Structures are given as C-alpha cells and as structure tokens.
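Notes to accompany the following structure.
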C-alpha cells in the first residue's frame, strides 16, 4: 500500500465534515425542540462537541474507518507506517482535534470580551450580549473578578496577548493547510501532533502528477494570501486600538466638561418660576426663594407658594438684600 495523496485525504475530510454537519444539525434540532431556543443557544457549542466525540468515538477510537476514510479507501497508520495507531494514540487524536479547540475557545473568548469591555459599559449589561445568560457561569465570573484587578497597563498587555493567541491559532491552521497542499502529508494539525498518517488501499482514477502540481500551486497561493491577510489584520487591530484610545479620551473630556458645567449651574442660583438666574431674591414665609418680579406676579393671581402650596398674603414676602 502506498501513502495516500492530498486528493484522497481532502475528499475524506470533506466527507467526514458532511456527516458531522448532519449529526450536529440533528442533535441541535433535538435540543431545540425539547428545551427551546434559549437552551439551544446556550448549549450549541457543547452539542457540537458531543456530536464530534460521538462520531469519532464510534469510528476512530473504536478502531474503524470513518465514513470519509472508507469512502476514498484510506486507513490510518502510526509513524512506522506499518501498524494501525494504538487506542491511546487514536484517543489523543480525537482530543486534539475536537476537545482542545473547544477548550481554547471557551477560555480565550470570555477573557477577550472582558478585556475589551474595559469598564466602558456596566458589568450587568454585558451578560445581555451573550446567549442564554452564559455570563453567570463560574468561569466567566472568575475571569471577570481577576480582570477587574488588573491595571490599565496589564490589561492592555493581556489584551494584546489574547489577540495574538486567537489570531495566531487561526493563522497556524491556515499555514498548516497551505503546507499540506505543498507536501500532502498532514491535513489536520491534530494528526501531525499525534503522528498519524494515511495509506491508501486502492488507487482513485484520475490522480496523476498534474494534480499534485496543482495542489502545490494552491499551497503557494494560500501562503501569499495568508501573509496579506495577516498584515491587514494587524493593521486593523492597530486602528481599533487607536480608535478605542481616542474614544476613551473624548469620553473623559466630555465627562469633565459636563461636570464643570454642572458645577457652574449649581453655583448659579435659579428661580424655579422663570428657570433663569435668580434676581432680587425674595423669600416666602415657607422659606422658598424666587425672583422679586416672578413671585409678585404670581401672588397677583394665587396667594400661595408655587412649590409647596402654602397659603400666605403678599405682604409676607421678604426681599433679601445682598443675597444671591
């Protein structure tokens, strides 16, 4: 048996992804019909993980070919390429392929959201952005508690590190796929880490050196596209950081300006009748202050305080000299 080429490995992966998509969809629809849309939104990632584990548990871990591998006629072998992988190696493959990405996303996504919040919005409102109120989970509360203790410099450094990690994993995956197109050995990064390759049991019609050359050219194009997209993402990240910094500066200046205006308004006594600066302050028997012109005109129609409605004759008004 010869080593499987890139066309067989890609066809097998696409076929497995097709059946995995159907299994995930069926499991999600079952949960949606039994528990409702809210629970489905809350647990859809876990449902996808359980579907992947069930699929690979019944095939790879059990020692059978997956439906995609059976479709193209390839089998898994260990680094010696003479024996099928041990059960432990196959279990490690499934853990690296299905469980590890879920755990990384579960850890990095809440941390990135808390760091991006940066105190700009009330903490209680952040949970509304998450489906099913997942912000109440213990992991998110732990992340929120420790993120609140960070200084501004530590928060910026950690936010930059989380961004680099998330983008780095995505770029590493794309780089690995491009390298596979060129060399045609490991399509999934998990298989490279587990040391599992493929041998083909039959030769597919139409495979020749021209197809391998085409995949090599595709790999070079993918590498070029990866470099360009990495540059654009880095530029976009710097632009967002600059815009966020300018917005915080503008917000602080606006808050400071509004505070100064409020203080100035508080220092200027206002008449509650004309809503302007109080002139010739006059006191009613109940102790409220108004402009002399405003309160005398008021008393011509109503002999009561405009605020507390206490009755009093106009001659009880007291003009306050040298009082603002």
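Placed from the backbone N, Cα and C atoms, the Cβ positions cover glycine too.
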Residues flagged as region 'Disordered' in Swiss-Prot, choosing from 119-139, 140-160, 161-181: 119-139
Residue 77 / residue 281 share membrane side in Swiss-Prot: no
Binding-site residues (286, 291), the one with most neighbouring Cβ atoms at 10 Å: 291
Tally of DSSP helical, extended and coil residues in the topological domain 'Peroxisomal matrix' (59-87): 10 helix, 4 strand, 15 coil
Residues within 8 Å of the 271, 274, 291, 294 Cβ centre (excluding the Zn(2+) 1 site residues themselves): 272, 273, 275, 276, 278, 279, 290, 293, 295
286, 288, 305, 308 excluded, remaining Cβ within 8 Å of their centroid (Zn(2+) 2): 284, 285, 287, 306, 307, 309, 310
